[in-house]
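Peer 1: From Swiss-Prot, here are the annotated features:
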type: ZN_FING; residues: 2-99; note: zinc finger
type: BINDING; residues: Cys4, His6, Cys76, Cys79; note: Zn(2+) 1 binding site
type: BINDING; residues: Cys26, Cys29, Cys46, His53; note: Zn(2+) 2 binding site
type: BINDING; residues: Cys38, Cys41, His57, His63; note: Zn(2+) 3 binding site
type: REGION; residues: 198-294; note: region 'Disordered'
type: COMPBIAS; residues: 209-218; note: compositional bias 'Basic residues'
type: ACT_SITE; residues: Cys304; note: active site, nucleophile
type: ACT_SITE; residues: His642; note: active site, proton acceptor
Amino acid sequence: MDRCKHVGRLRLAQDHSILNPQKWHCVDCNTTESVWACLSCSHVACGRYIEEHALQHFKEQHHPLALEVNELYVYCYLCDDYVLNDNATGDLKLLRSTLSAIKSQCYEVTTRSGRTLRSSSANGDQLSPSTQELQLRDEDRMFTALWHRRRALIGRLFRLWFAQTERGKKRLEEERQQEEEEERKREARERRRQLKRQLKEELESAPPRKSHRIRRQSLKATSVKPARAPAKSTKSVRRRSAPARVSTPTPRTPRERTPQQRPRPQAKAKRPQAPPSKTGDSPVKRRPTVTPGVTGLRNLGNTCYMNSILQVLSHLHVFRECFLRLDLNQALELLASAVSRKLGLSAQRVIQPKGLNQGSGLSGGASRSRNMELIQPKEPSSKHISLCHELHTLFPVMWSGKWALVSPFAMLHSVWQLIPAFRGYAQQDAQEFLCELLDKVQHELERTRTLTPATVPANQRRLIKQVLSVVNTIFHGQLLSQVRCLACDHRSNTIEPFWDLSLEFPERYHSNSKDAAQVPCGLTEMLAKFTETEALEGAIYACDYCNNKRRRFCSKQVVLTEAQKQLMVHKLPHVLRLHLKRFRWSGRNHREKIGVHVQFEQELNMEPYCCKDSGNLPHPQHFLYQLSAVVMHHGKGFGSGHYTAFCYNTEGGFWVHCNDSKLSVCAVEEVCKAQAYILFYTQRNAQDKSKESDL
């Protein structure tokens with residue numbers, strides 16, 4: 001619509017909630033796909049093709065204008081059309097330019113009138129990252145407290161309801177009888193303890209027995225009689241009786257000692273007794289109120305791609321355990337000092353006091369790094385930011401069993417600094433982020449190991465080497481590329497590494513046919529297509545066997561023949577990543593999403609897709625894989641959408657649907673019905689080894 005009369009009445013507030021990237025999701029269903037922000041209030045909800053929460057808000061509040069956060073379209077519900085015009089002050093144009101600046105993190109926005117509209121949550125000048133992180137941490141505490149309060153109320157209501165049922169009454173009667181039995185046992189133990197204390201006090205306060213008095217008198221008599229003997233015999237008797245005289249105080253029994261000589265039992269008797277508990281004397285261990293791993297990650301502004309990948313990596317047992325043990329604080333400090341020496345920062349020697357010990361203090365050289373930061377420029381250097389350190393910090397919080405929600409602000413800040421392609425609040429691809437993240441983590445570990453081999457402690461060097469080995473091998477596999485010449489039947493083999501398998505859909509799904517979109521596709525069919533034999537177009541292959549008799553100085557041309565090519569798996573990784581290429585080209589430059597459902601099973605046998613010509617065939621158990629995680633893309637296109645993940649929780653033995661801050665337990669049948677984008681399968685042999693290491 002060229003002219004909408006409702007836009008002229010628009011009065012946009014300076015501090016609208018749409019300027020906060022953390023609000024770019026539906027407040028009802030938490031999706032980031034097709035999110036519309038009301039221009040009359042701070043409400044943000046999903047469009048009519050998702051759950052119609054924005055339309056429902058219009059029906060309740062009668063606010064006609066809404067703006068799509070990602071595409072920046074303005075829609076009027078009263079006119080039932082898109083709006084093309086603007087108001088007199090140009091608020092819509094200014095709002096679009098401000099949102100574009102927030103997404104790209106470029107805040108140089110100017111207007112003809114000089115008016116600016118800034119985002120208080122995304123502008124680095126008004127709100128530093130540390131202050132924003134503190135605000136998010138307070139919100140996380142409040143969310144966790146509300147979660148605990150809600151769970152306690154639900155548990156109390158359930159217990160009240162259960163107490164009214166027949167089964168509940170029976171259980172309460174059994175618990176009451178058990179408590180009475182425990183109370184009787186406790187009273188009996190208390191009576192025995194009291195009787196024992198009384199006997200001890202009576203024995204301590206009673207005079208020594210007659211037998212002991214007679215024995216002491218006899219000992220004194222024997223020690224006095226030798227004094228009347230001659231001098232020679234007296235010396236000999238004294239030598240024999242001296243040990244007896246020294247050892248006489250030592251054989252005293254507790255009955256002979258006075259209360260002044262036994263302060264410990266008296267103090268122990270005066271020690272106040274703890275109040276008895278209803279369940280007995282054994283202390284009850286307090287369980288974590290949140291299951292480890294069931295911790296949501298706050299959406300900081302179209303960061304669902306990062307949250308889904310972090311949830312998957314944290315639920316991979318081998319990957320998680322490595323970063324839980326890894327601590328690169330000391331290594332990073334040494335790395336920073338090495339970098340500063342390379343840059344020629346000689347001013348550091350002048351700033352540091354002469355008597356300062358670099359290794360003194362509990363921080364182990366924190367003063368050195370603090371002084372080094374004083375002479376560095378204000379812009380943070382990417383060499384001092386570590387994704388490994390952020391993973392080591394984030395994973396323990398997610399698996400502590402204490403937090404229901406965590407804001408990964410530090411992780412996002414590190415990603416912005418180290419991977420500039422993901423800087424800003426624009427929507428990104430989860431597969432690309434996973435590849436870039438693993439590549440940066442691998443390079444960090446390699447740089448840490450090579451630059452500081454002698455200064456890092458031996459145990460840390462071994463741990464860094466182990467983690468690097470796990471990161472390099474957990475997703476690493478090998479492909480066998482085999483080309484067969486059709487003229488001489490000679491086969492040329494090439495080994496190529498891979499970290500994931502990008503599987504294409506069959507040809508029938510690359511058309512706009514509605515019948516093909518309704519028929520589901522199987523994962524085994526896509527794997528068979530990946531490993532099928534394909535014919536090279538025309539005579540384009542220069543066979544080595546056909547041209548081996550030709551010399552380099554020969555003037556004859558190289559013989560080109562027809563050939564066939566096939567890809568097969570030569571070495572399987574511990575964790576198999578299957579990337580489903582859900583796009584097709586429509587026209588020259590337009591990509592569409594293939595929204596067909598892919599049928600995948602909980603167990604996967606990779607033996608049909610591995611090469612069988614190699615002499616060292618692995619054990620049949622190595623071909624079996626178990627489903628560990630699924631990343632899903634919700635939406636019709638690649639320019640917009642929402643990412644969630646299904647992850648298998650090894651601690652609880654159940655599946656969890658991770659939708660940013662909202663996590664819910666689900667069944668495996670629901671997982672298999674998901675529209676998968678990335679599949680993670682863990683080798684069953686590797687799972688058994690991880691379980692044995694835990695035991």
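Just so it is clear, glycine is given a Cβ too, placed from its N, Cα and C backbone atoms.
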Peer 1: Average the pLDDT scores across the zinc finger (2-99) and report the rounded value.
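Peer 2: Across the residues of the zinc finger (2-99) the model's pLDDT averages 85 on the 0 to 100 scale.
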Peer 1: With a radius of 8 angstroms around the mean position of the C-beta atoms of Cys26, Cys29, Cys46, His53, what other residues of the same chain does the Zn(2+) 2 site pick up?
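Peer 2: The answer, listed by sequence position, is His25, Val27, Asp28, Asn30, Thr31, Val35, Ala45, Ile50, Glu51, Ala54.
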Peer 1: In whole Å, how far is His63 (Zn(2+) 3 binding site) from Cys304 (active site, nucleophile) when you measure between their Cα atoms?
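Peer 2: If we compare the Cα positions of Cys304 (active site, nucleophile) and His63 (Zn(2+) 3 binding site), the gap is 28 Å.
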Peer 1: Taking DSSP as the reference, which of helix, strand or coil describes His53 (Zn(2+) 2 binding site)?
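Peer 2: In the DSSP reduction, His53 (Zn(2+) 2 binding site) maps to helix.
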Peer 1: Once the DSSP letters are reduced so that anything not helix or strand counts as coil, what is Cys46 (Zn(2+) 2 binding site)?
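Peer 2: Where Cys46 (Zn(2+) 2 binding site) sits, the three-state DSSP reduction gives strand.
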Peer 1: Please report the number of other Cβ atoms within 10 Å of the Cβ of Cys304 (active site, nucleophile).
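Peer 2: If we count other Cβ atoms within 10 Å of Cys304 (active site, nucleophile), we arrive at 30.
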Peer 1: In the structure shown, with every protein chain counted, which of the binding-site residues Cys26, Cys38, Cys46, Cys76, Cys79 has the densest set of Cβ atoms within 10 angstroms of its Cβ?
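Peer 2: Counting Cβ neighbours within 10 Å, the top one is Cys46.
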Peer 1: Other than Cys38, Cys41, His57, His63, which residues of the same chain sit close to Zn(2+) 3? List them in sequence order, counting a residue when its Cβ is within 8 Å of the Cβ centroid of the site.
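Peer 2: Checked against the 8 Å cutoff, the neighbours are Leu39, Ser40, His43, Phe58, Gln61, Ala66.
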Peer 1: Counting every protein chain present, what is the number of Cβ atoms, excluding its own, within 10 Å of the Cβ of Cys29 (Zn(2+) 2 binding site)?
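Peer 2: Around the Cβ of Cys29 (Zn(2+) 2 binding site), 15 other Cβ atoms lie within 10 Å.
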Peer 1: Quick one: of the recorded positions Cys29, Cys38, Cys41, His53, His642, which has its CA closest to the CA of Cys4 (Zn(2+) 1 binding site)?
Peer 2: Cys38
Peer 1: Below 8 Å Cβ to Cβ and six or more residues apart, same chain only. Which residues does that give for His642 (active site, proton acceptor)?
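Peer 2: In sequence order, Thr31, Thr32, Glu33, Cys304, His633, His634, Gly635 meet the Cβ cut-off.
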Peer 1: Of all the binding-site residues given, Cys4, Cys41, which has the fewest Cβ neighbours within 10 Å once its own Cβ is left out?
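Peer 2: If we count Cβ atoms within 10 Å for the binding-site residues Cys4, Cys41, the smallest count is at Cys41.
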Peer 1: Report the same-chain neighbours of His63 (Zn(2+) 3 binding site): residues 6+ apart in sequence with Cβ closer than 8 Å to its Cβ, ordered by sequence.
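Peer 2: Result: Cys38, Leu39, Ser40, Cys41, His43, His57.
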Peer 1: Helix, strand or coil for Cys26 (Zn(2+) 2 binding site)? Use DSSP.
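Peer 2: DSSP call for Cys26 (Zn(2+) 2 binding site): coil, neither helix nor strand.
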